[in-house]
Amino acid sequence: MAVAESLMQGSARSEGLRDTLARRAEAVVIPALALLAGLVVFGLFLLTQGKSPFSFLYYVWQGAYGSAFSWQNTLSRAAPLLMAALCVALPARLGLVVIGGEGAIVLGGVAAGALAGPLAGVTPVIALPLLALAAMIVGGAWIGASGALRFYRGVNETIASLLLSYIAIALMNHLVEGPLRDPASLNKPSTAPLVEGLRVGNLPGMEVHWGLLFGIIGCVVSWVLIERTSWGFGARIAGANVKAAQVQGLPVGRLVIGFTALGGAFAGLAGFFEVTAIHGTANASLAAGYGYTGILIAFLARHNPLAILPVALLLAGFDASSGLVQRRMDLPDAAVVVLQGFVFMAILISETLYGRFDIFHPERRAR
Amino acid sequence: MAGDLGLWGIPVAIVGGAIRVSTPFLFVSLGEVLTERSGRINLGLEGTLVFGAMAGYGTAVLTGSAWAGVLVAALAGVVFGLVHGIICSLPKVNDIAVGIAMMLLGSGLAFYFGKPFIQPTAPDLPAIALGGWSDLPQVQAALNVNVLFLIGLALALVMAWMFRSTKVGLTLRVVGDSTDAARAMGLRPAVIRTLATAAGGAFAGVGGAYLSLYYPGSWNEAISSGQGLMAVALVIFARWNPVACFWAALLFGGAGALGPALQSVGVTKGYYLFYAAPYVLTLGVLIATSSTTRALSGAPGELSITK
């Protein structure tokens, strides 16, 4: 490992700043173009529906970033999306495609909602971290199970994690309609409402809850973990070639379970904030689709935790503006899902473009 | 005596339910067998299933013909399959990820175009009463078998024969087992895989049409809850064998019928847990049949999911 690192440093020193920038630019320019292509295809789709793509963009701008209120709405939605995207991006470093974050969000939320009752009398300084911890443990166990099944049994983690997510939602329905149901919740079965002290408030000077800050911290910490620690280095090696990693003596099993569990813990934390900051109780609203949007965000960010920050802000904006777009343009709410689908397709198609343009590869020009 | 089967009502309801619920599993899994035998995996069949359900229902509402609905659903499935197949033919594109995106796009388009069809009612697909020999209404209801179920059974047998002893079947198997060998024989793997994915999409579309035109027999946004995805897992369990897919689909159908069957005899507690039975069963089957050390027997060699 030491040899590899010194080699990397050596090559970094020998190449100029311009070359480094050219190399880095590929990972920014191609996804940006893909995003644009997805938007253009969606614009053409709108034209076939007799709607104007430009008024769509205008209402997205208004609904997502046009006023203080819309910024609040966008940022509140960005918080769970940041954490849901980490649930995809962290396992992706090991070459795993985990798509069951929705289940970890839901069960993390249920764990927080269920424990809030017994902890109602405890001082919030102690109770809130305990609730968050419980949500993270449950979420981590749920996604970590997909990783463990992958490592020990060779079960495909994509299918397993989505199945676990369906099971999680059924479990949530069972718990909030049965054992954990607050008898006072008539129309929408829920757990007992949280006491005021256990409600997480807003960030100072903003109408956005603390989850946003924790989401940002999560992304930064994940970036450091992946890019600047030996665990992250090991994970990247194992992601590229499992056999090589095992020959090197890397603890592949611990890495697989650790990274999937950490991703799940972030998703569980998202559920904690949804319950303590938004809903004030755990119910079916927890399955709001953040887990699925998080998949798209992680792919758009190419599984780079820092890139998740701007991408989540963008997709949270689409989400936040969907109500306004619906009302003003008379479009079904599914229009946002169609848009997400087109963008997702475009970003996957763009994978084929990497390495094809010499402008991003200065070493080829030199030859 | 009629109407008083007591606890015997549960197995009868499960058998009837298995036949009713299994048909979409059967069609999607047969389509996925076709695709996977050619060496690709299409996780997007969940989206195709949902879009097929909407397209089939919408067409049946507009034309008054349930069979026209089935046809349009199949054609829509072909389009989705072609899109998946062509995109996956590009170098460096991951077929599993494209499947996830197609899941999203298929459901999104279905919900978008399906809004006007939530209210109106469409004609049902016909069923054949095979339970006339019994006096019991429950047995008669259970053996009221839809035509598509029988078509699916016939398709499974035809596909098994096709893979075993026709040129088309052997070509698919060669392409699925080794891209290099296929190229050496002068075959074009990318084209064959794309066609196999398109045909598989058609099957999934028909499965969707069954959902909206027969059982449950209406169109709404919750029409499928992962049946398309479970069918993909079911293919692994059935070891890429069409006839085994038929039995596996019946098993999964039975698990899916457990919740409603218990509800029908008056069990109201915890039935959400029974609704999770098909997912738990799928996961259990995956755990039991996967392995880290040996390649799965019967698996096409080029399949990314088993590597």
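Cβ atoms are placed via backbone N, Cα and C, with glycine included.
Curation plays no part in TrEMBL annotations; they are all automatic predictions.
A Cβ distance under 8 Å defines the sequence-distant neighbours of the transmembrane segment (A:27-47), meaning residues of its chain 6+ beyond its ends; these are 53, 56, 300-302, 304, 338-339, 342-347, 349-350, 353-354, 360. The feature transmembrane segment is assigned by TrEMBL to A:27-47 (among others).
With a cut-off of 8 Å between Cβ atoms, the residues of this chain six or more beyond the transmembrane segment (A:78-96) that come close are 102, 104-105, 139, 143, 147, 150, 157, 208-209, 211-212, 214-216, 218-219, 222, 226, 232, 235-236, 238-240, 242, 255-256, 259-260, 262-264, 266-267, 269-271, 273-274, 290-291, 293-295, 297-299, 301, 303-305, 308-309, 311-313, 315-316, 319. Annotated transmembrane segment per TrEMBL: A:78-96 (among others), in sequence order.
Taken from TrEMBL, the feature transmembrane segment applies to A:103-120 (among others).
According to TrEMBL, the transmembrane segment annotation covers A:126-152 (among others).
Look at TrEMBL and you will find A:159-176 (among others) tagged as transmembrane segment.
Taken from TrEMBL, the feature transmembrane segment covers A:208-226 (among others). With a threshold of 8 Å between CB atoms, the same-chain residues lying at least 6 positions outside the transmembrane segment (A:208-226) that come near it are 72, 75-76, 78-83, 86, 89-90, 93, 200-202, 232, 235-236, 262, 266, 269-270, 273-274, 277-278, 304-306, 308-309, 312.
Look at TrEMBL and you will find A:255-278 (among others) tagged as transmembrane segment.
As annotated by TrEMBL, transmembrane segment applies to A:284-301 (among others).
Residues of the same chain lying 6 or more positions beyond the ends of the transmembrane segment (A:306-325) and with a Cβ under 8 Å from any Cβ of it are 56, 59-65, 70, 73-75, 77-78, 81-82, 85-86, 89, 215-216, 219-220, 223, 293, 296-298, 300, 331, 333, 335-336, 339-340. The feature transmembrane segment is assigned by TrEMBL to A:306-325 (among others).
Within the chain carrying the transmembrane segment (A:337-357), a Cβ under 8 angstroms from the stretch's Cβ atoms is held by residues 26, 30-31, 33-35, 37-39, 41-42, 45, 293, 296, 299-300, 315, 318, all 6 or more beyond its ends. What TrEMBL lists as transmembrane segment is A:337-357 (among others).
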